[in-house]
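Structure first, commentary second.
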């Protein structure tokens with residue numbers, strides 16, 4: 001029978017000092033026999049996805065204590081990728097994932113907590129906490145802050161409501177044909193409420209995937225942050241984690257532990273969902289990283305295999321301007337997509353979860369198109385309120401009807417899929433021997449096979465300058481290199497270059513290839529995560545202006561049309577540069593000691609950009 005971890009610091013005469021300190025936090029005699037549960041919050045006033053979380057830790061804590069536990073809250077850091085985008089701040093985004101994972105481990109292990117409720121929301125916070133949960137392997141429930149409502153403006157031409165998000169503001173601002181007044185209206189309307197950005201961007205993708213893995217409650221990824229019914233997820237999480245504690249520590253039920261739930265089959269289910277919903281390409285990095293922390297052998301080869309058999313069943317911004325996450329919720333949310341995947345025999349329904357036994361049981365209870373009961377039918381009618389606010393649970397609007405149209409609605413059946421090819425794909429070739437990632441859900445089918453000439457940039461900044469300076473033309477393949485985990489360092493997101501290609505009218509006539517990564521808001525023929533990266537000797541570092549690049553998504557091919565002898569000559573010339581080899585020639589970039597430490601241990605994207613501690617020389 002496992003022992004409560006907290007009793008290390010709460011029991012025995014030799015822990016008198018620790019108990020004295022616990023008493024100073026408010027604990028009483030009767031509390032020392034209860035489970036101590038960490039409420040892992042991530043409130044910050046810097047991030048709209050987290051600005052409303054301040055009081056939600058206390059809400060969860062109240063339910064933990066009502067259920068017989070002791071709640072102790074702490075915060076992690078949280079970086080807003082949108083605010084950090086387009087300048088040196090983006091170098092810190094991906095490395096912050098490792099800091100978050102480490103900080104959760106440090107706090108939970110230092111204080112011998114028995115379990116956790118992880119209150120996350122945005123891009124690196126959910127994966128960082130997920131990595132920590134896999135390391136610690138103690139009972140955990142994830143509950144996120146929820147998605148932002150989509151922005152809305154009325155079209156001056158036809159009076160119809162147009163849905164907006166952050167990316168629209170960026171594209172309009174960079175388009176010289178858009179007036180200052182129109183650009184300002186879009187900017188003021190694009191992000192109306194608290195919550196994670198309203199499309200199928202990285203934050204929402206990850207919060208949806210925690211549902212599929214089995215560590216979050218139904219609705220976690222899709223019910224908007226402002227809706228009153230989201231409060232119930234936080235309250236239920238607080239009560240549920242105490243029950244999970246008792247099952248593990250008092251009944252020796254290890255099935256409730258994260259590593260028991262997040263098996264290889266669960267990661268494959270999550271990836272199947274990701275491919276079906278066209279999730280952010282960043283999710284590939286984060287699932288690979290979490291799987292490594294869990295000790296699960298889940299690799300790019302598994303992702304490639306899944307991407308070849310799972311169709312695209314759901315589209316939301318940026319893949320379409322018709323639907324945002326609030327519309328995915330109305331169509332049945334993540335359990336609705338999982339229900340369609342289940343009917344197509346594309347899931348392992350025996351996988352467990354924290355709330356409903358098995359995935360199959362969860363689908364039976366919550367899949368609104370599969371006969372779920374009145375509670376589910378009501379829950380998925382939760383709608384946006386349409387009032388700008390930073391306050392959680394501040395409105396209770398509902399849709400009049402659900403979107404159950406599986407032929408032409410937001411979520412579709414396999415028979416009526418947006419495409420039988422999935423929403424994400426892994427490409428291989430001499431430009432990416434270990435793979436690269438494209439979000440096919442966001443690529444116009446006319447570009448699935450594309451040949452163009454390389455236009456090479458040694459940094460994101462140079463690429464932005466080149467695009468805005470009209471140095472990129474239709475038919476070009478923009479190459480942005482030395483932006484990988486090690487070469488950046490930090491693997492910057494390329495949202496500005498992809499947005500500016502659209503602003504210049506090149507969104508459907510150019511491609512972009514990088515060893516960096518993309519915001520979930522990027523769309524178009526944009527291919528990232530080139531592995532190995534340029535700084536690790538990847539062939540992307542050998543591309544020259546004018547080289548022919550061949551892209552074939554159906555054949556999963558990424559090819560540099562240069563013969564092997566010429567590539568060998570270029571590689572030898574690069575190696576001959578000695579200490580300057582595999583580095584950008586003329587890039588001015590200040591790299592702090594903290595980022596240098598990350599770069600020294602960072603792996604390429606095919607391994608999730610995790611740190612490789614074997615690189616430490618003793």
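Quick reminder: no glycine exception, Cβ is built from N, Cα and C everywhere.
Residues annotated as active site, proton acceptor in Swiss-Prot: 519. As annotated by Swiss-Prot, Mg(2+) binding site applies to 81, 123, 124, 493, with the evidence given as sequence analysis. According to Swiss-Prot, the feature [2Fe-2S] cluster binding site maps to 122, 197. Taken from Swiss-Prot, the feature N6-carboxylysine covers 124, and the record attributes it to sequence analysis.
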Candidates 81, 493, 519, namely the recorded positions, that fall within 10 Å of residue 122 ([2Fe-2S] cluster binding site) by Cα distance: 81
Residue 123 (Mg(2+) binding site) versus residue 197 ([2Fe-2S] cluster binding site) - Cα distance in angstrom: 10
Three-class DSSP secondary structure - residue 197 ([2Fe-2S] cluster binding site): coil
Candidate with sparsest Cβ neighbourhood (10 Å radius) among 81, 123, 493, the listed binding-site residues: 81
Which same-chain residues, if any, lie at least 6 apart from residue 124 (Mg(2+) binding site) yet have Cβ under 8 Å of it: 78, 79, 81, 93, 94, 96, 97, 100
Helix, strand or coil at residue 124 (Mg(2+) binding site) [DSSP, three-state]: coil
Surrounding CB atoms that lie within 10 Å of the CB of residue 197 ([2Fe-2S] cluster binding site), all protein chains: 30
Other C-beta atoms that fall within 10 angstroms of the C-beta of residue 519 (active site, proton acceptor): 30
Inter-residue Cα distance where the pair is residue 519 (active site, proton acceptor) and residue 123 (Mg(2+) binding site), in Å: 9
Beyond the site residues 81, 123, 124, 493: chain residues whose C-beta lies within 8 Å of the centroid, for Mg(2+): 79, 84, 90, 93, 94, 122, 202, 203, 282, 519
Pairwise Cα distance for residue 493 (Mg(2+) binding site)/residue 519 (active site, proton acceptor) [Å, integer]: 5
Around the Cβ of residue 122 ([2Fe-2S] cluster binding site), the count of other Cβ atoms that are within 10 Å: 29
Per DSSP, three-state class assigned to residue 493 (Mg(2+) binding site): strand
